[in-house]
Number of protein chains: 2
Amino acid sequence: MTLTAPGSTETSPALQADSSAGGPVAPSPARGLVCRNCGATFGLIAEHACAECFGPLEVDYDPELMRAVSRELIESGPQNIWRYAALLPVGQDPADRVTLDPGMTPLVRADRLAAELGLTGGLWVKDDSANPTHSFKDRVVSLAATAAKRLGYSKIAAASTGNLANSVAAHAARVGLPSFVFIPSDLEPGKVVQSAVYGQTLVAVDGSYDDVNRLTSELAETDEFEDTAFVNQNVRPYYAEGSKTMGYEIAEQLGWRIPAQVVIPMASGSLLTKVDKAFRELVAAGIVEATEWRIFGAQSAGCDPIATAFDNGWDVVKPVKPTGIAKSLNIGNPADGPYALDAIRRTGGAVGRVDDAQIVQGIRDLARTTGVFAETAGGVTTAVLRQLVEDGRLDPAEETVILNTGEGLKTLDPLEPVVGPTHRVSPSLSSVRAAGLIG
Amino acid sequence: MTLTAPGSTETSPALQADSSAGGPVAPSPARGLVCRNCGATFGLIAEHACAECFGPLEVDYDPELMRAVSRELIESGPQNIWRYAALLPVGQDPADRVTLDPGMTPLVRADRLAAELGLTGGLWVKDDSANPTHSFKDRVVSLAATAAKRLGYSKIAAASTGNLANSVAAHAARVGLPSFVFIPSDLEPGKVVQSAVYGQTLVAVDGSYDDVNRLTSELAETDEFEDTAFVNQNVRPYYAEGSKTMGYEIAEQLGWRIPAQVVIPMASGSLLTKVDKAFRELVAAGIVEATEWRIFGAQSAGCDPIATAFDNGWDVVKPVKPTGIAKSLNIGNPADGPYALDAIRRTGGAVGRVDDAQIVQGIRDLARTTGVFAETAGGVTTAVLRQLVEDGRLDPAEETVILNTGEGLKTLDPLEPVVGPTHRVSPSLSSVRAAGLIG
């Protein structure tokens, strides 16, 4: 694979490949980018929009190279996303990787939650709070940063309100790569600390997340940021492929089997489309048996444009102004919404939406029955699972996997008013007795 | 192995071993408990203090069974602490385990921190923030809860100010085991939420941590808590063995080699003694080569009883009243202090102590150079590493491993006054230009 460098080809010393790693390196299966809208093809360039129709660009793979990948090859790899390097666009050579080595997060058997909901086919939680910065964003940032290096960029950047900011700054800190993270200035102090602690450039912008996003789009066009990869803008096609690894891992951790039903939270909708794509790729490569699966999407009522489009049978997604506590899902104009709708409809799935009270209850239900403490997005998924079961849209007799994409420690605020000590006592046996804990 | 049941032998259905797991199960190498003070031996009972001299009891292993353990056996096991089951007192049968499957956390190469400190022999961070509840306590609680089940207990309990509370409640939630966690009522709301979210019994006690601890000791003697295992009290000998796995993993992740120098934070001192014990066991079992290693202890200036004893050449540790931000290390009367001193002196190590400002700087240094965001205890260790290098007590030419025992997201408060955005702008290019980010 040859990636075309952007304007600036100067790279910092930290970005030079360590050729001392040696050993044989598998080829990348990526042969170019393809427009998901019009099908126009391009080289492996640093663009996310089609020059013909402005449609979104996606990585295009050589099917023969994909078919050459075996279970054994994957199983002989490291315990992280790079075990799937032969199915990814970049990172085949360990020396090329800019990464915290995320992935191979636990697939937790959720028997107690299954019993409560009446699910008899088996229920699992794919828990991405176990990633290095405790969200699934580590997967996409590892791909974006690695692609950025291969494309000749010397800096990385992102607009974010939380998980992405943490991950970009931590990746940059690990390898000594300059990074620029742009956040709305009214973020909670805790979230600011989580990104600022890595000692990278952190820019507070007086405006909404949409304002921040618009500003970074403008900055990407300036001379000063010519050598900067904005992880979910100019290297987005590579970035997005990181989400496929969550699908690969679910299948591998089930013993190389695709689950019948998967419930996935939706912000831009990208993660959902990539999990579906991962399953299709595994089937096409002959790595798993071709079984049927259904993909379900989860949104919060405060930001439900994909749910609304699904309910109304629309192919397009009408933007909304997001509200509500599931901030990591609050993308009002989801770039991959139409593609998410396609995957859901094609597989016979559905979309659920839940309000803030249900989200908090979802976090509590998951923690109480599995010991997994999810951020609000995980609460959305758990609450939507319950809703889908109650509505009869999810088959309780089929095996089901739900995705937890982030860590509860990052979104404590909505829980503070509703969870607390069950008893309060003085440090004496008589006080404990009065509280009813002992007779 | 036969474990002697306590008074009550009634077990809840959730605690019954699932005999359907089947397959051959390795024997436990534990043959009893032994007093570390007088050497008196006991069966595998639920006691932590010697009936002869009140000294601390420790698990005693059959050296022949330990020698039968091979690298291959370990490497064929799961990617968590249970790969070392043949070296642990309980949990050989997967159906017996009460666990979140912690362990096999990353050993992160810290080249950038090494370069800053002038370490040429190689530096690694063992990052236990990657455990399920994001601290090393998941290791010890998994051992304690599994032993509790084998000993016939039907409930688990703990006194804690943070990490232990999270871990006990999450373990209990995973398996549906009743638990009782006792915390000081003046804990920060965030820490209360982290333990309360699992929906277990959480008792706020109006008093200090010492008061809480005394209360749980009294409760352990009541009829109502006869069937309750207090994880670091009546099942402490089993609990403490969980820390050995951190030492095993370091050696395995280095390619079955013991590092020359290890820096370990000290609260009770137990973790330090168990890492040293793990290394000795690996040598005795013939799993690693017999090389020399030096164990270094790290304390905060606000709670430095072991450091003071070390500096003064004392064999006993004089209790102190803890202060300072490294709350997870604030044990003023460390139970394993004398044994930690012994391991440090026997191996030719040393003890460092750092104040709150140095601890915050340690957290920032580690995050900035490795992308690992540690809690205050990890800041202590990183700052002590710097001190030991500067004092010439740690050899910069020898390979060094430092232990991060917990997660920065749990102790954000001390960072809020000192880290924040590097720039603040309006959402316009002219404002970014005025801030000096572009020309």
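The backbone N, Cα and C atoms fix where each Cβ goes, and this holds for glycine too.
Because TrEMBL annotations are produced automatically, they should be read as predictions rather than curated entries.
Worth saying up front: this structure is predicted, and the values here are computed from it rather than measured.
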B:1-26, B:313-338 - the one TrEMBL records as region 'Disordered':
B:1-26
Just to confirm my parser: what is the rounded mean pLDDT across the domain 'Tryptophan synthase beta chain-like PALP' (B:99-406)?
96
When you measure from the Cβ of B:Lys137 (N6-(pyridoxal phosphate)lysine), how many other Cβ atoms are you left with inside 10 Å?
32
Tell me, by DSSP, whether B:Lys137 (N6-(pyridoxal phosphate)lysine) is helix, strand or coil?
helix
